[in-house]
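**Q** Sharing the feature lines straight out of TrEMBL:
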{"type": "TRANSMEM", "residues": "26-48", "note": "transmembrane segment"}
{"type": "DOMAIN", "residues": "41-290", "note": "domain 'G-protein coupled receptors family 1 profile'"}
{"type": "TRANSMEM", "residues": "60-78", "note": "transmembrane segment"}
{"type": "TRANSMEM", "residues": "98-123", "note": "transmembrane segment"}
{"type": "TRANSMEM", "residues": "144-164", "note": "transmembrane segment"}
{"type": "TRANSMEM", "residues": "197-221", "note": "transmembrane segment"}
{"type": "TRANSMEM", "residues": "242-260", "note": "transmembrane segment"}
{"type": "TRANSMEM", "residues": "272-292", "note": "transmembrane segment"}
Amino acid sequence: MGTSNGSSTTDFILLGFSDRPQLEHIISVVVFIFYIITLVGNTTIILVSYLDTQLHMPMYFFLSNLSFVDLCYTTSIIPQMLVNLWGPKKSITYGGCVLQFFFALDMGATECLLLAVMAYDRYAAVCQPLHYTVIMHPELCQKMVLTAWLGGLGSALILCSLTLKLPRCGHQEVDNFFCEMPALIKMACVYSKVIEVVVFALGVVFLLVPLSLILISYGVITQAVMRIKSAARWQKILNTCGSHLTVVSLFYGTLIYMYMKPHTSTLQDEGKFLTLFYTIVTPSLNPLIYTLRNKDVKSAIKRILWIKKNGQQSHELSGKIRV
């Protein structure tokens, strides 16, 4: 790569929203708020799922993995984005760009598979309640999560190696707020049919196939729910399944729109704001959607807070007695 204005040959320029400087400060505040919500919300879910023994179930095991994915996903993007939005420089080192690119692909693909795994868990819980503990035994749950992580890792390695080999002919400007694959491919000075085919094939594997399985699972779940006569159980199933379907709709909808349609048909500004939505907004909404609609999680948080409060009171009381 060539240099530009004396900058390092390893630097890329993240253009982000620099064509709309009046929006940068507003976007930075919104992004910062959503990032804090993401950190607090997903960390809470992980801690509550670990600390409360009543949540030691497959659903919350998968949910805590989903929260960890969201934490890694946003942390690989937002800190650098905020630095660029707040400071005069928009640069990122080549190594930093590669890491952003890799982690975004890895975490995104892993989340696609995890959401499909969670749909299967809900199918087993609703449609096979008497055999649920046998079907979703701990060993199977661990293997399913491991498969999701390895699948995401494999797809990221393939796409990273193919994309980074493309000649850039000195181009340094990434027309996005982070190093995302469509923007990096756009920087290349040659057209690669191989990458187009691989991206489409992996899009089918990680987007269309999991989404189809999710929709089939919920089709069967809907039929099962319609036969339930208990209003309380019916409402509980709707709450947990509704939360998962909301997350699926938000995440898959924007990803499919971005990755499974010709890049020329998506306006650049439209693409940036869609990317902003599924990389920053959706991870912050996941914990809110699950906790607000899930009585088990809310009850677990209350139990942990109650235990902590009473533990502190007991400690203070024992201290007074000793005095």
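Every residue number used here counts from 1 along the chain in the order it is shown.
Just so it is clear, glycine is given a Cβ too, placed from its N, Cα and C backbone atoms.
Note that this is a predicted model, so its numbers are computed, not measured.
Locate each feature and note its surroundings.
**A** Long-range contacts of the transmembrane segment (197-221) within the same chain: residues 109, 112-113, 115-116, 119-120, 122-123, 126-127, 151, 155, 158-159, 162, 181, 237, 241, 245, 248, 252, 255-256, 259-260, each at least 6 residues beyond the stretch ends and with a Cβ under 8 Å from a Cβ of the stretch.
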**Q** Take the C-beta pairs under 8 A between the transmembrane segment (60-78) and each of 26-48, 98-123, 144-164, 242-260, 272-292. Which stretch has the highest count?
**A** 98-123
**Q** Tell me if the transmembrane segment (26-48) touches the transmembrane segment (272-292). I count contact as 3 or more CB pairs below 8 A, with pairs 6 or more residues apart.
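**A** Yes, the transmembrane segment (272-292) contacts the transmembrane segment (26-48).
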